[in-house]
Every structure is written in structure tokens, then in C-alpha cells.
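See below for the structure under consideration.
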Amino acid sequence: MERDEYQLPNSHGKNTFLSRIFGLQSDEVNPSLNSQEMSNFPLPDIERGSSLLHSTNDSREDVDENDLRVPESDQGTSTEEEDEVDEEQVQAYAPQISDGLDGDHQLNSVTSKENVLETEKSNLERLVEGSTDDSVPKVGQLSSEEEEDNEFINNDGFDDDTPLFQKSKIHEFSSKKSNTIEDGKRPLFFRHILQNNRPQRDTQKLFTSSNAIHHDKDKSANNGPRNINGNQKHGTKYFGSATQPRFTGSPLNNTNRFTKLFPLRKPNLLSNISVLNNTPEDRINTLSVKERALWKWANVENLDIFLQDVYNYYLGNGFYCIILEKILNICTLLFVVFVSTYMGHCVDYSKLPTSHRVSDIIIDKCYSNSITGFTKFFLWMFYFFVILKIVQLYFDVQKLSELQNFYKYLLNISDDELQTLPWQNVIQQLMYLKDQNAMTANVVEVKAKNRIDAHDVANRIMRRENYLIALYNSDILNLSLPIPLFRTNVLTKTLEWNINLCVMGFVFNESGFIKQSILKPSQREFTREELQKRFMLAGFLNIILAPFLVTYFVLLYFFRYFNEYKTSPGSIGARQYTPIAEWKFREYNELYHIFKKRISLSTTLANKYVDQFPKEKTNLFLKFVSFICGSFVAILAFLTVFDPENFLNFEITSDRSVIFYITILGAIWSVSRNTITQEYHVFDPEETLKELYEYTHYLPKEWEGRYHKEEIKLEFCKLYNLRIVILLRELTSLMITPFVLWFSLPSSAGRIVDFFRENSEYVDGLGYVCKYAMFNMKNIDGEDTHSMDEDSLTKKIAVNGSHTLNSKRRSKFTAEDHSDKDLANNKMLQSYVYFMDDYSNSENLTGKYQLPAKKGYPNNEGDSFLNNKYSWRKQFQPGQKPELFRIGKHALGPGHNISPAIYSTRNPGKNWDNNNNGDDIKNGTNNATAKNDDNNGNNDHEYVLTESFLDSGAFPNHDVIDHNKMLNSNYNGNGILNKGGVLGLVKEYYKKSDVGR
């Protein structure tokens, strides 16, 4: 028999732990507990001195306000059916102001449950009667306007930056309440996902009522998401509940490789936990490990910090990996300081030429005799710092142990699985845990706990990072100095760390919410001045710490990279992305491990693009340097043969022997020789950059049509610079950063404050977040964006089970240079597309170190792509076809048509025979594309060939004949290939005078 969920609250002050865990719908708890204890909690006392809280009815003031209770949460699991139940629960406890202020409680009650609603309504009216406005619990951070209205209410128990109560009008209770953003504010495709991915109530889950078992089973059979063609979509559901199947595929393909590789196991909560009901915080150590993990989850006070810890645990690959990394970091610090101190004060270098043992050059009692005064003081400071790091490690071990128990017992994920498990699976397990009605003890986080999905979790984890992405892309920071060589904005890791400390530490409070003073226009001048003072103070501290930081990082970089450059001199030309490039490339709500994998995969293509451009001037200079250095090394080595024992110690200059110069000159020769480019590359920068865009997501509109030009390459190299240059900038930045903080950044303080005020958006349950991270399409102005309907947007971003977004779709989101607002909106649209691709496409569900399984092309002869490196001998060997080496990405083998417009892999033999026999190229193209049957089981692909720089200003328009004339020297201009074939081409080639040079 089902118990009544709505009972009158009583005054028994029990610790209702079960209400935080299992909510209103639990059927497996101890029957001795009253169900009202599981659905209510005491409202904190509000100061009765306010006129808002006085009632005109004297009899109601005699009742103890501690008995006044409001619902802790609407125990919905994000389904449409349960949202209706949520509405009934909210209305059951919502104050009916229209009737309460007049004392009229006549409701059209026809059931006993409605009578309970009337009684609860009258109880809550004691709090608000006598006022024209009412207060209801509000989840998350209060908006700045609402806080100004309620400033006269003194809530000592709550943080000023995270108020609990909000004013609301009566019509807000007549409409349906939701835990998420209103559907009208959701992006179009988000609404499509949320409407179609409404999860079904899982009838097998623990502690849930079974009154809708048959209804849910019937509905779940016909409620799978479908794509625009009407077929069931093969994708993942990370928006809503997790109690439904993780993938929904077609009936022909019910099995999925991801469900086999990463089987999901629902959290196995305790079936009898009545012992936890009266357990206070100071006695949780008496509980078992699993019970303690459940208690911790139920008493989460700050969901932002908790989810960030959960993600950092996943990012660190578990308990032992994180602890090992922290210990090794301390050991690295100790090693650098100990070795540098010992080598500087405990070795007598004057005895090196005459000594043969280490003991002969060691200074006895060097720490007491040689190290004195200033150096010893800083050594003691360093020892104290190491002790603090060890103490911090002790507390980190306790915290990580709790996270390990949370993963192991509540999410059913072991540490061994974290290295291969996709983050999407962790999100899915969190949603399972949420759907089992686990609540928080903090009323501010009640509804926030029910807002756990991929989008909201990413917003909580990246609340600060999203602001930083928008900040660095807006170019409002002045990072230059009014002196030569430093007039350009250069961001380094040192400067980035200081900006994060000064700006983000000032804007956000300890709870992780943005401060209300930042959002109030009336306090703009005050916040601007405070931020300026913060910049100047940070600059002063950097000046004091600069000598020690420079010394430490010089030694660290020397120990880390010297052996690499010594053994592999060619690595000195290695490149990496600059810090500003990483912030420009990163998308909103893109977690770090996804971004890191994407950027790491792009380095090969980035090197390919840079290496395509000739470096003749550099090569000539390096050849000369290598010749000079090699000559001196050869002379010294030759002279060493006559007297190897004495000549090696012969001093060429003061205190510089032959060995010294052989070592230095040999290193210079090796570096210069390995840097000279001696290989041939296909010059196709346009195709390479467009392919690189698939990983960097960065292709400015200004570059269009100029991909082959040197200035575009130089602009790209500013983002993808030499590693040695970046290291030198980092060392220089340690001395330049104090002046940037003191002179340059204070002038940007006003724009920074305006940026946070103008780009913050309030979301119920989340607080203030960066507006671009919410993917709200209504914020976009312009006719082009408003004209996008749901179908067109879905076509751009919808993905099925085996195909990801291709370059033609993604290139539509390239930033346009109409205005800064257009750039920001385009960045938001682009982030939205890739966010949906990361979480909706099953092909992207991989671990941190794994690549998605792409369907490759047939491994037949002639189907491989064009090689970047080839020799003339290979190109012109007998029987070789010169079309294989044409300009472009795709090789022309038997499976490709040589038409420069469109070619297909369908019917490859006929295409190649027609073209090789001299048939009309256009006819060959038509034959290749005539049978375009989507139901063909073969892997047929159709490509649009793009030319490198042929579409630029130098070559405005080229038709098919022009392309064939350019790419085939035997083309006669009539669409026919000459019968001279390869021999004729070789004959023409060897007529040139420069052959063999």
C-alpha cells in the first residue's frame, strides 16, 4: 500500500539524513520513520525584526517557526511525467499569496491531498503575511538586482555573495516549475535533445516508487530519439536523466562497442541505512567506508568545488597516480635546490685540474662553513616551504581517499579504469546517482543537485575558465610595455598565473561565485580602483621574488632540456603552441583533457603546414655556419692525432682548451645541419590549414584566399612558435612581468570590470556564469542568426553513430570580422557545435589517451593519400603515373577520377580505364557519379578537390580545362590526354638544363 507523500509537518527535531539521500519516493526505508521527515527540513530562522516577516495575525505568531518547513527538493528525474509531480510538490508548499493575505483559504479541494496542500499553505503564510511580496527558496546565487531589493534583510547565516531567498511574483507559481533553464532560453538543438532524450523512470532502481512501472515500460519502447530522417539516432544521452539506456540504436544494431568496452553499472546504494539517520558529523568515522562515502555525498555543501575535485581526480588517473605525482614534484623541487646549492658551495673547482678523486675537491662541512648569512636564511625558508607542502600532502591524501571511495562505492568506477574510461561515462554515473534521489544537506544546492547533466557539470567545472576564454579572445588586456621590443602583447605562463591570481581571485569569492559588487554598475569605480591596486601589489611582489624564480627556472629548464638537445640536436627546431594560442583555440565548456588531446593531435599537421614553405635564406645561412664549424672541428681533430694526450688540454684561449671548442663547435654544427630542410614537400597550404582547422578550430576570415602567402605563415607561427623561443620568453617574463603588472594592466582594470558585468548571465541553480557558455541563441543579434531554424541548425550539428562533423559543416562557423560581438557569437556557436559533437557522438567516447575509431578507406592499391615526401626517381620511374603527384591532398589511383572538380571511389576500374585511354574527363566524372546510391554497402566517398592557392587573387578563376592543363603537361586543351604518356613527360623533363644539379 502506497504511503501518503504529503503529511503534516511535526515538531520532532530529528536529523533527517534519509531525506537527503532518498527524498520523497523511497519505499525501502525503515517504516518507523515518518514520511514527512523524509521530505522536509527546518527553515533557518530569519530575523523577526524585519517588517517583511511580521504577521498581522497574533495567533500565528505563537506558533514556533522552527516547525515551518519547505520541500527540500522536487524529486524529479528530469522526465516530463515526473516534472508534473514536481509541479504538484512545489505548489503544495508554495505560499498562495492571493488567498493568504485576505485570510481566505478556500480552495477547490476534492481530495484529501488537496486539503493537505491548504494546510501547508497556511503554515507558510505565517512567514510572509503582511507584506506585498513573498519569498521562496531560490537555488544558487542571487542576481544583483534582486540582492539590492533585499539588502535590508539580515541573514547572518548565509554568505552575502550567495543569498538564499528571492522575491517572486504570484504568477510564477501558477506556471510549471523546472530545475533547468526554461526551454525558451535553451538553444534550438538543446531543446531538441532535451525533448527527445527525456529519460524514462527506471523501474529497477533502488528506493523508488513502483507506481508507474507499466506506464514507463510502455512509453520507453516508443520514445527513442530520432534524427531528421526519422530513423533512430545512434547517440548518447547526457542531457537529463541517466536511468535510460545509454545508447539508442536501430533495431538492426542493438549492440554497441562502447557498451561492451565500458559497461555501465548503476550505483549500488545500501538497502538498509537506517543506522545513518542519526549519525552526526563528528561520528562519521564510526561508519563503514561505503556508508561514509554516501554520507559525504549527501552533505555536499558546494557542488562546484565537489565536481571540480571529481574531475581533477579523473584527470589525475586515480588515487595512486595523483599521490605519486605530488611526491615526485616535491622530490624534483628538493633535487634542484640541493644539487644547485651543493655544486655552488661544496665543490672546490680550483682543484679539478690536479685532482683524480671526488673526495679531493669536496669542501668539508660546507653547510656550516661555506653557506652563511643570506643564503642560509633562504635555505631555511625553503625547508619551511617543503614542510608546508608535506603537510598539505597529508590533507590531500585524506581528501583523495574520500574521492576514491566515492568513485569506487557510489559510481562503481575503480582507479584502474580511469585511464581508459571516457569522461562521459563518469557523467552518466553521476546522473544515475542523482536519479536515485541523493540530495545535499545544503538548501542552496538542493535543486542544483538535480541539475546534473553534461552541460551543467561542464559549466560548474569551468566557471572560471569560461570567463578566461572570453577574456583572452576579447583582446581587452594590455600586456605590452612602452619600450622597444616589448610593444606587442605577449602572454607567458608567468603572466597568465598572475592574471589569474589578480583578476579571478578578485572577481570570485571563496564559494566560487562571482561577487555581487562586480555586477553592480554603481560600484564600478570602486571595483576598478581595487583591481588596479591589486595589479600594482602583485607587481611589487614579483619584483621581490624575481631573482629566486629566475634562478630556479633556469636550473629546472637546464636539467630538463639539456640532455634532449644534446642527444637530438634537431629537436631545437621543435615547435609548440603559445599560451595565448591555447586560450584562443579552446572552446567554451571544453574540459581540459578533451582540449589537450585535440591540440596534441594537431601538431603533426601544424608542422606540415610550416615545413611546406621554403626557407632558402635560412638554409643558406645554416649551410655556411655548419661549414665553418665543421672545418674548425676537423682541424682540431686532425691535430689531436699527433699528440692526443697533451693537445686535448692545450688552451686555445684563456682557460679554454681544445676539448671545450670541439664540444661547442660540434654542437653548433649538429644543430645547424639538422635544421636545414632537404626534403621535398607537396605545397598545398590551403588544404593543410583546413585540415588543421579540424583540430585547432581557428581559421580567421582574414586568412581566406591568402593561405599560401608568407605573412599568413608568420601569423600562424606567432601562435605555433619554436619551443626554445617560448622558453626564453618565459625566462624573460620573470623580469618583465612586474612592470606589466605595474604599468600596463592597471589601465585595463575598468574594461575588465565592464567585461564581467556585461558577460555574466544568471541561471537558476548555477548562479552567474559566462553567457557564452550557456549557448543561448537568443543572445545573438543579426538576421543570419535569427533566420536559423531548428532544422537547419540540426543539419549542421547532428551526428550519427559513425560519422563526425566534417570540414564543410565546421567551416561554416569560421569567425567573421564584422564586429567584436560577431566574433564572440561565432565563437559561441562553434563551441556549441563541438560540445554537442563531444557528448552526442558515440565515436568520440574514448579515454584521455585514446583516439576515436575512424572508418578508414579501403586498403586497396591506389587508395592511399598522397605522400608528403617523395623523390624524383620515384616519381619518374618506369610505369609510374605523374597524376599521382599532382597538387592536392588526394592521390589519383585506380580508385579515383582525375577530374579536379569531383571524383568518387565508386566504380574505380571504369573511371581509371576511361581516363587512361584518353576519354573525355567530364564523361569519366559523370560515369563515376551517376550511380549515387546511398544503400550501397561499399565505402563510397566523394570529395571536392581544393586547390592550394589557385583561388587567390593571382589566379581568380580556373575551369576544368585550366586545371588539367596545369596539372598534366600532356593535356592538349580539348579534354584529351596525349598518347605520349609517361615517356613523353620524361623526355620533356630531361630537356631542361638544370636536371641533375
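Even glycines carry a Cβ here, placed using N, Cα and C.
Predicted, not measured: the structure shown is a model, and the values here were computed from it.
Over in Swiss-Prot, the protein carries these features:
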{"type": "TOPO_DOM", "residues": "1-318", "note": "topological domain 'Cytoplasmic'"}
{"type": "MOD_RES", "residues": "Ser19", "note": "phosphoserine"}
{"type": "REGION", "residues": "29-88", "note": "region 'Disordered'"}
{"type": "COMPBIAS", "residues": "29-39", "note": "compositional bias 'Polar residues'"}
{"type": "COMPBIAS", "residues": "79-88", "note": "compositional bias 'Acidic residues'"}
{"type": "MOD_RES", "residues": "Ser122", "note": "phosphoserine"}
{"type": "REGION", "residues": "128-159", "note": "region 'Disordered'"}
{"type": "MOD_RES", "residues": "Ser143", "note": "phosphoserine"}
{"type": "COMPBIAS", "residues": "144-159", "note": "compositional bias 'Acidic residues'"}
{"type": "REGION", "residues": "213-235", "note": "region 'Disordered'"}
{"type": "COMPBIAS", "residues": "221-233", "note": "compositional bias 'Polar residues'"}
{"type": "TRANSMEM", "residues": "319-339", "note": "transmembrane segment"}
{"type": "TRANSMEM", "residues": "377-397", "note": "transmembrane segment"}
{"type": "TOPO_DOM", "residues": "398-538", "note": "topological domain 'Cytoplasmic'"}
{"type": "INTRAMEM", "residues": "539-559", "note": "intramembrane segment"}
{"type": "TOPO_DOM", "residues": "560-620", "note": "topological domain 'Cytoplasmic'"}
{"type": "TRANSMEM", "residues": "621-641", "note": "transmembrane segment"}
{"type": "MOD_RES", "residues": "Ser657", "note": "phosphoserine"}
{"type": "TRANSMEM", "residues": "657-677", "note": "transmembrane segment"}
{"type": "TOPO_DOM", "residues": "678-723", "note": "topological domain 'Cytoplasmic'"}
{"type": "INTRAMEM", "residues": "724-744", "note": "intramembrane segment"}
{"type": "TOPO_DOM", "residues": "745-997", "note": "topological domain 'Cytoplasmic'"}
{"type": "MOD_RES", "residues": "Ser787", "note": "phosphoserine"}
{"type": "MOD_RES", "residues": "Ser792", "note": "phosphoserine"}
{"type": "MOD_RES", "residues": "Ser802", "note": "phosphoserine"}
{"type": "MOD_RES", "residues": "Ser831", "note": "phosphoserine"}
{"type": "MOD_RES", "residues": "Ser842", "note": "phosphoserine"}
{"type": "MOD_RES", "residues": "Ser864", "note": "phosphoserine"}
{"type": "MOD_RES", "residues": "Ser948", "note": "phosphoserine"}
{"type": "MOD_RES", "residues": "Ser969", "note": "phosphoserine"}
Name the residues of the same chain, 6+ apart in sequence, whose Cβ is under 8 Å from the Cβ of Ser657 (phosphoserine)? Leu648, Asn649, Phe650, Glu651
So, does the transmembrane segment (657-677) come close enough to the transmembrane segment (377-397) to give 3+ Cβ pairs below 8 Å, pairs being at least 6 apart in sequence? no
Three-class DSSP secondary structure - Ser657 (phosphoserine): strand
For the topological domain 'Cytoplasmic' (678-723), jot down how many residues DSSP puts in helix, in strand and in coil. 26 helix, 3 strand, 17 coil
What parts of the chain pack near the transmembrane segment (657-677), using Cβ distances under 8 Å and only residues at least 6 beyond its ends? 565-566, 569-570, 572-573, 611, 614-615, 618-619, 622-623, 625-626, 629-630, 632-633, 636-637, 639-640, 647-651
Mind giving me a neighbour count for Ser842 (phosphoserine)? Other Cβ atoms within 10 Å of its Cβ, every protein chain shown. 24
How many Å separate the Cα atoms of Ser842 (phosphoserine) and Ser831 (phosphoserine)? 18
Summary of DSSP states over the topological domain 'Cytoplasmic' (560-620), given as helix, strand and coil counts: 46 helix, 3 strand, 12 coil
For the topological domain 'Cytoplasmic' (398-538), the number of residues DSSP places in helix, strand and coil: 93 helix, 2 strand, 46 coil
Residues near Ser831 (phosphoserine) by Cβ (under 8 Å) yet at least 6 apart in sequence within the same chain, in sequence order, are Glu587, Tyr588, Asn589, Glu590, Tyr772, Ala773, Phe775
Looking only at the topological domain 'Cytoplasmic' (1-318), report the model's average pLDDT. 47
